[in-house]
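Taken verbatim from Swiss-Prot:
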| type | residues | note |
| --- | --- | --- |
| ACT_SITE | 109 | active site |
| BINDING | 25, 26, 27, 28, 54, 84, 85, 86, 87, 135 | NADP(+) binding site |
| BINDING | 192, 228, 232 | Mg(2+) 2 binding site |
| BINDING | 192, 196 | Mg(2+) 1 binding site |
| BINDING | 253 | substrate binding site |
| DOMAIN | 2-183 | domain 'KARI N-terminal Rossmann' |
| DOMAIN | 184-329 | domain 'KARI C-terminal knotted' |
């Protein structure tokens, strides 16, 4: 079973007298910075000079804001809370020459360390604290005296105190109130990518589109198809999210139970499982990472084309029209 750390297992004293530099002030960055500051930690936010709007927002929130290299200079913990694909360049240009002996390089996702896009010097600690929820939720739960479950991992333990410092950071953002699960950079990275590709993003999106196309091709109205295969999905996902898969089965009709349990395996077959294994292998071997890195180096031609195709799918047009009928939703 996984090791889970709670409030009693973490001590903010490991951040006493230290400066935590938060690189970025987006979804996670602003939450980490504000929570740590409210926990009594000395925080500085590092931002590019050209990002005036974010700079002003951070200062309005009461943060000390500096240019990237200045913020990192002399910091004891440097948290890289910017998108994966820009991290390596920012690290090379603004961070690596500012790392002092015994400092900690902190991440919220393991991609760049696991796939060697960032290779820290041996004289620093490397750790990860990854909340399993978006930044606004991390902030809101902290303010309410609660927390969001998170992951913690140590990749490099130069000082011998990397886990203690990482847990102090986790406590500072409120994570230990809920529980912090110990993992590794390898496990977090590979399972995160697998979930995105096979289930959460790739698998669900393709299932919805194919279901919609099947109904429309058979002559059913696209409006009805949209409601049945996309709109109602939230109702089912909420039931699973709140109480697990069996909770969903307990809540739906007997007809839905029987039809789902007898037909679902005809959609997701052993061939599907084999493709899942292939995708996992591509992640484990680094094949996907190399593909994605090269795609970015080439200017993202495949990525941009695929995104355009998604945007132009018929389900998007009909969805926009139907959502206009739903006053409880934010307008597109």
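Note that Cβ sites are derived from N, Cα and C of the backbone, with glycine treated the same way.
Model, not experiment: these values are computed from the prediction.
Ranked by CA distance from residue 192 (Mg(2+) 2 binding site), the recorded positions 27, 85, 87, 109, 253 have 109 at the top as the closest. Each of the binding-site residues 192, 228 was scored by the number of other CB atoms within 10 Å of its CB, and the largest score is that of 192. Reported as a whole number, the C-alpha separation between residue 25 (NADP(+) binding site) and residue 109 (active site) equals 16 Å.
Within the model, the domain 'KARI N-terminal Rossmann' (2-183) shows a mean pLDDT value of 97, rounded to a whole number. Take the binding-site residues 27, 54, 253: by the count of other Cβ atoms within 10 Å of each Cβ, the lowest one is 253. Note on the domain 'KARI C-terminal knotted' (184-329): DSSP counts are 122 helix, 0 strand, 24 coil. In the structure as shown, the Cβ atom of residue 109 (active site) sits within 10 Å of 21 other Cβ atoms. Residue environment of residue 196 (Mg(2+) 1 binding site) contains 13 other Cβ atoms, counted within 10 Å of its Cβ in all protein chains. Residue 232 (Mg(2+) 2 binding site) is 38 Å away from residue 87 (NADP(+) binding site) when you measure Cα to Cα.
The binding-site residues 25, 85, 87, 232 differ in how many other CB atoms lie within 10 Å of their CB, and the one with the most is 25. Residue 232 (Mg(2+) 2 binding site) and residue 85 (NADP(+) binding site) have their C-alpha atoms 34 Å apart, to the nearest angstrom.
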